[in-house]
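Inspection log for the structure reproduced underneath, given as structure tokens.
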Amino acid sequence: PLSPLSPGSGWACRAVLSDAHTRTVRRVAWSPCGHYLASASFDGTTCVWKRHEDGFEVVATLEGHENEVKSVAWAPSGTLLATCSRDKSVWVWEVDEEEEEFECVSVLSAHTQDVKHVAWHPSLQLLASASYDDTVRLYREDEDDWLCCATLQGHGSTVWGLAWERSGQRLLSCSDDRTLRLWQRCDTQGQGSGSEQSWQCVCTLSGYHGRSIYDVAWCHLTGAVATACGDDAVRVFEEVMPASP
Amino acid sequence: RFLIAAHLSRASDIIRTIRDPEKPNTLEELEVVTENCVEVQEIGEDEYLVIIRFTPTVPHCSLATLIGLCLRVKLQRCLPFRHKLEIYISEGTHSTEEDINKQINDKERVAAAMENPNLREIVEQCVTEPD
């Protein structure tokens, strides 16, 4: 058994923010700077809270999705936010840090079914989305507008979660089809080679999970991958490196 | 083996009295569910997979998903043993059966649907045992 790292003396509940949403809160995400918290809800809105010494205050309510918001994610730069919904769309919001204002700069309707999750690339302004339509899509900004630059097909059912590798070179997706898929870009890395990017599935992990895989997390420190599965188990995977000659 | 038979029987008892959302009959009376539509498999220690294959009376999409919802809700509440549940429209009985099966087995879709007060009301009426 692992020993705990410097245990504190417990946890205290600092705030209960119960008046902003009128339905299930599905996802929460801290901003990279730590001052803001975004909450995505089945009520169709995403609230952005500012953290103060004595509590939290709503600084913005992002509206527009037609039904349940399933996920929200901050770009590592802190200047962009993405939300996704059962309405099949992904929205990209620009953050004006000084004014604490959020402006929708793009509504991306590439998916043909609910979008379950969105995840930003660790260093580039590249966004990935996972959908009930069994695909993963990637989006990037091209001359002031956002567009879908790749569609990753291969899963046999709903894609529930996504996790980027620390380097950003590979992306993991987990699915209702009980597999994990690893994706890697395979065209030349040039930026100007048209709007499309080519990605291929370089590895499929099947036979490990007994039921739908709902989430996947890729540790940026150790490279370990953890999965959340409907068969009541947590699994941890590590890449096996070839032995040095 | 005995346990599987007992669990199967229990599941059948639970679903046969569910009322149809539109007609004043039970799912058993309308032959939406039958004795053969329940399958139980052992998937772990004291854990069982319960599979239901139901036959909707009409090919109406929303009604089929509603029945699927009622089946899921009542079984989840009433099955006394640790289980995982899969609910399907029996093969060949519906033109959009893949679409419906996907919906009724997506736990997020199900949870969101049950937050709709109108839908919830209908489901409750269908699954509540009369006094």
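Yeah, the Cβs are placed from backbone N, Cα and C, and that goes for glycine too.
The repeat 'WD' annotation in TrEMBL covers A:18-50, A:62-103, A:108-139, A:152-184.
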Distal contacts, the repeat 'WD' (A:152-184) - CB-CB under 8 A, six or more residues away: 116-124, 126, 128-132, 134-138, 199-206, 208-218, 220, 223, 225, 227-228, 237
Residue counts (helix, strand, coil, in that order) that DSSP gives for the repeat 'WD' (A:108-139): 0 helix, 17 strand, 15 coil
Stretch-averaged pLDDT - the repeat 'WD' (A:18-50): 97
